[in-house]
Amino acid sequence: MDRSSKRRQVKPLAASLLEALDYDSSDDSDFKVGDASDSEGSGNGSEDASKDSGEGSCSDSEENILEEELNEDIKVKEEQLKNSAEEEVLSSEKQLIKMEKKEEEENGERPRKKKEKEKEKEKEKEKEKEREKEKEKATVSENVAASAAATTPATSPPAVNTSPSVPTTTTATEEQVSEPKKWNLRRNRPLLDFVSMEELNDMDDYDSEDDNDWRPTVVKRKGRSASQKEGSDGDNEDDEDEGSGSDEDENDEGNDEDHSSPASEGGCKKKKSKVLSRNSADDEELTNDSLTLSQSKSNEDSLILEKSQNWSSQKMDHILICCVCLGDNSEDADEIIQCDNCGITVHEGCYGVDGESDSIMSSASENSTEPWFCDACKCGVSPSCELCPNQDGIFKETDAGRWVHIVCALYVPGVAFGDIDKLRPVTLTEMNYSKYGAKECSFCEDPRFARTGVCISCDAGMCRAYFHVTCAQKEGLLSEAAAEEDIADPFFAYCKQHADRLDRKWKRKNYLALQSYCKMSLQEREKQLSPEAQARINARLQQYRAKAELARSTRPQAWVPREKLPRPLTSSASAIRKLMRKAELMGISTDIFPVDNSDTSSSVDGRRKHKQPALTADFVNYYFERNMRMIQIQENMAEQKNIKDKLENEQEKLHVEYNKLCESLEELQNLNGKLRSEGQGIWALLGRITGQKLNIPAILRAPKERKPSKKEGGTQKTSTLPAVLYSCGICKKNHDQHLLLLCDTCKLHYHLGCLDPPLTRMPRKTKNSYWQCSECDQAGSSDMEADMAMETLPDGTKRSRRQIKEPVKFVPQDVPPEPKKIPIRNTRTRGRKRSFVPEEEKHEERVPRERRQRQSVLQKKPKAEDLRTECATCKGTGDNENLVRCDECRLCYHFGCLDPPLKKSPKQTGYGWICQECDSSSSKEDENEAERKNISQELNMEQKNPKK
């Protein structure tokens, strides 16, 4: 800005200042004209003198005195502010060093390198301050010399007073610095708003760490070393760049310039430029000092933060997590404290701690003076919760002397507290006792504890999920409303389906971290404390336990309802544990008796099958009724046993008679065979006599030529009479006829227990499937589907269950060709291999075999490979993976060509399969067989009637 056209107007400026600030000359006793030796005041005075002499009309001495006094006061106050700021910085640094030394003595873990660095920093700061003081003294001496040179031509008395040497001026400035701080309200320059530390400390909202508003706005410096350079060149450059403090000063001083004498402008420009350069240099020094202070302040803040973090990391090797809310935020108002005996961690607000005594192992060092213990440690017990089966966590005592988890008491509806602030004592009598064991927990790993305690439900609408509070806490399903929300019940829980996934994830992580820390042994925690501290903790713990015992003996009896409320014994987790321990000591296994908790309404006779044990009249009646029923059942069992013995004796007698009848039946069958052969010969003779071929009647037809029915199983029998008693093919005994199972291949009966492996129930037979024994399944038939049944693996691939199949296209040359099969005309039978009979086997007779001797797999003949290549329905190609062969017609079908279409093979291991056509033809054969039986019976009746 060009200030050459502006002239100084001293009289209007002085008058306006005095009027604006209500100046009183009586208070101007501390201002002396002869002490105006500062650079700014002297510079201004010389400038005024040069202007007045150049114009030919020198200004009055009073105006010069006022101008000098104003400039002097401004300079003195600036120096006082500088010195006070430096002293405060030194005092704060000393205090910081003292605090660091104390922390080093307490912790004893600070490295030596940091100490050496800090000492070097302190020495550098002291050197910088000494340099600044020397620089100030030099500038003061230069200003005094310049003011003396400027005031020597003047003849006014003030010029005489300003002629003393440099030592006098320095002593005057030191006296002014030593004087108490006093604000000069008569200054015209809008200087920086500096506030003393005393006034800042008196403010309510003042924070020394955030005191950034009083610092000047300066241009960014590349480094801290830029503020430590000596010389005036750097200061002048900074003054040109800033333009904030110096420009304002120049503008304020430019307002007082006089525009009436243009002739003296050339003579005053040089002196004015010198004065302005000096004033700007002083302002730059002040700005640089403030910049240095601000940078040192920021460095101190970062150092304090870094040290506090290191100290906290050394003190807290882990993050404390509250065992109630699973939060890890520890604040001064709600600190996470730790029991000095068991090591459990909890918020003060979550546990109802009044805050008077804090834990030694807590996160706040200033409060870590008094040991703190949870209620269970104070009483010296290992409690068991009445509301859940879990034993971890922090407990509160009830008014009846029982114990519950504090988290269970908060989340279970109906539980009340005597003192809401301290969350004690807990009252369970207001809760309905029917809730005990009413619902089954869906998260309990042990089903024996699923109905212990009280289960809460999911707070989502219409959700029927029930779980224990601590089981839900393990899964991260517990939630709490915010403090600003006004809700009657701020504690709620959701099941896995309705809970927030992210919220559940971090709670689950915190719970696992809490459990991993709680598993730390007490010996490891004791190692962290000195023997003296551990002894002090144990002594205080014994005092607390003595007080708790005394309070328990003098505590008034809690209120209980007059009528005793029943509660199931199985709903108490502690009772279940004791019963399990008793069973273990008695040698009784609890695993073989599964607990059936299903509440069945009633049995067939209207009586309840099971009722949970409880001290109620209903359970007593059920108990006596059960005993009476047990006696009746035992008597009935004894009677049935006697009847069984009698029937077994009768069965033995009947077996003897049965064997005799079988022998006589065999003789009669042989006689019948002879007579039938004679009849056939006579019938053939009659045919030759008549010259015609006569059809043999059914009565003369040989049994081997008869088509066996479906019920007969396809085997040729010499008698149409069914067997009355069947014998087991393995044990050769005929007992337990209802447990005999017929093999559809070998037509032998087997006991379920005699099979390998034994069966527990009868296999299910369907219309299109049958059952065969293990012997027939291994090597008795040519069915390859059972052997080649594809088993689906977990990864989605399939493999053969018993053997690996060779490729379809590979056919060995040394394999003999299969025998030619000739289809049998007329009607088809139900038996296996009846649609196509090889020429080599068609003349063999099927003799009912006796029990097949079990042979090892190595002695059996290798099975012929069953290759399936063409579908009988669509005539398309295929292989063993997508074709199935019918056991009757031996034709192949695609899985999708069946009716209904299937995705996999209908054959199962141990079962056969026939197509739909064979199944319909077999039903027709049964109908034809029934018709033939009816015709034969009619012929027999006709033959008998003529004889009569």
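Placed from the backbone N, Cα and C atoms, the Cβ positions cover glycine too.
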Residue carrying phosphoserine as stated in Swiss-Prot, selected out of Ser37, Ser294, Ser312: Ser294
Candidate set Ser61, Ser359, Ser769, residue annotated phosphoserine in Swiss-Prot: Ser359
Record (Swiss-Prot) lists phosphoserine for one of Ser302, Ser368, Ser719, Ser936, namely Ser302
Measure from the Cβ of Cys408 (Zn(2+) 3 binding site) and count the other Cβ atoms within 10 Å, all protein chains considered. 25
Taking only same-chain residues 6+ apart in sequence, whose CB is under 8 Å from that of His405 (Zn(2+) 3 binding site), what do you get? Cys385, Leu387, Cys388, Asn390, Gly393, Ile394, Phe395, Lys396, Val469, Thr470
What's the CA-CA gap between Ser91 (phosphoserine) and Cys408 (Zn(2+) 3 binding site) in angstrom, rounded? 54
Residue distribution over DSSP helix, strand and coil in the zinc finger (439-499): 9 helix, 10 strand, 42 coil
I'm trying to understand the geometry here, so how far is the Cα atom of Ser530 (phosphoserine) from the Cα atom of Cys408 (Zn(2+) 3 binding site), in Å to the nearest whole number? 36
Which secondary structure state does DSSP assign to His405 (Zn(2+) 3 binding site), in the simple three-class scheme? strand
Across the zinc finger (382-415), what does the mean pLDDT come to, as a whole number? 92
Neighbour count, 10 Å Cβ-Cβ cut-off, for Cys385 (Zn(2+) 3 binding site): what number do you get? 27
Per DSSP, to which secondary structure element type does Cys388 (Zn(2+) 3 binding site) belong, with helix, strand and coil as the options? coil
Structural state census, the zinc finger (868-921) (DSSP three-state): 6 helix, 9 strand, 39 coil
